Ligand SMILES: Nc1nc2c(c(=O)[nH]1)N[C@@H](CN(C=O)c1ccc(C(=O)N[C@@H](CCC(=O)O)C(=O)O)cc1)CN2
Ligand SMILES: NCC(=O)N[C@@H]1O[C@H](COP(=O)([O-])[O-])[C@@H](O)[C@H]1O
């Protein structure tokens, strides 16, 4: 019998700790959803090993002549899983316009910075170099421009004296997991949408991100007129 649970496709390129947080939350009854597939550009990545073989898809991007060719196969594989939501969880390739358009409004990414600061890569080292006193993670809708989509939610961590990039990465990662789960709970409950380049919650536009509390939930936004 086919499950009626909301269906999540996860794109990953590496370790997969955010994916594991999703799987654990589902197993613990803390996220009413199903991971219908894990899709990767790195056939030997650890993330793939976190789900049964039947739920894995991967191709070596180096085997494709163009980014668009890879993305086309990726998009077909993702579409075949009939996901309600697509989550980039440590997916380390820029998605082409064709993929983004095909899954517009239902593709989320977790990014290790307080967007719009530090889009792109090496965010922790850049935050240290910039002398930031706060850093963190953002969950945002994916649009063609890199890390420029509407930010849904953020978790903030302090930058401490003497922090290395790895120290900061670990502190941020520990908040990424509850941040992603709290956001996905809104998404799979049908409370989250993207419209006119903005994130909407319960039919109202979010004029600023939801912030993850120390209790790992969101403080409901004040309603703007
Ligand atoms: N069209 C979009 N694609 C992706 C987005 C996005 O917002 N729009 N988010 C990323 C995730 N990401 C940061 O959160 C990110 C991933 C990859 C890169 C990047 O520069 N990748 C290079 C290759 C880097 C490498 O192989 O080490 C590339 O694709 O050429 C930057 C940011 C997911 N995709
Ligand atoms: N630009 C994308 C990016 O840097 N994403 C980051 O990759 C890590 C993946 O960890 P995981 O594989 O253990 O979930 C996470 O910190 C995520 O924010």
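Cβ atoms here come from the backbone N, Cα and C positions, even for glycine.
Record check: TrEMBL places 92, 93, 94, 95, 109 at the (6R)-10-formyltetrahydrofolate site, and the matching candidate among 67, 122, 126 is 67. Put simply, of the recorded positions 16, 18, 111, 147, the one whose Cα is nearest the Cα of residue 95 ((6R)-10-formyltetrahydrofolate binding site) is 147.
Checked against ligand 1, the binding-site residues 16, 17, 18, 67 give no residue with a Cβ under 6 Å from it. Rounded to a whole value, the Cα-Cα separation of residue 16 (N(1)-(5-phospho-beta-D-ribosyl)glycinamide binding site) and residue 92 ((6R)-10-formyltetrahydrofolate binding site) is 12 Å. On the 0 to 100 pLDDT scale, the domain 'Formyl transferase N-terminal' (7-183) averages 98 in the predicted structure. Cα distances from residue 147 (site 'Raises pKa of active site His') to the recorded positions 17, 18, 92, 93, 111 are smallest for 111.
Geometry remark: residue 111 (active site, proton donor) versus residue 17 (N(1)-(5-phospho-beta-D-ribosyl)glycinamide binding site), CA distance 14 Å.
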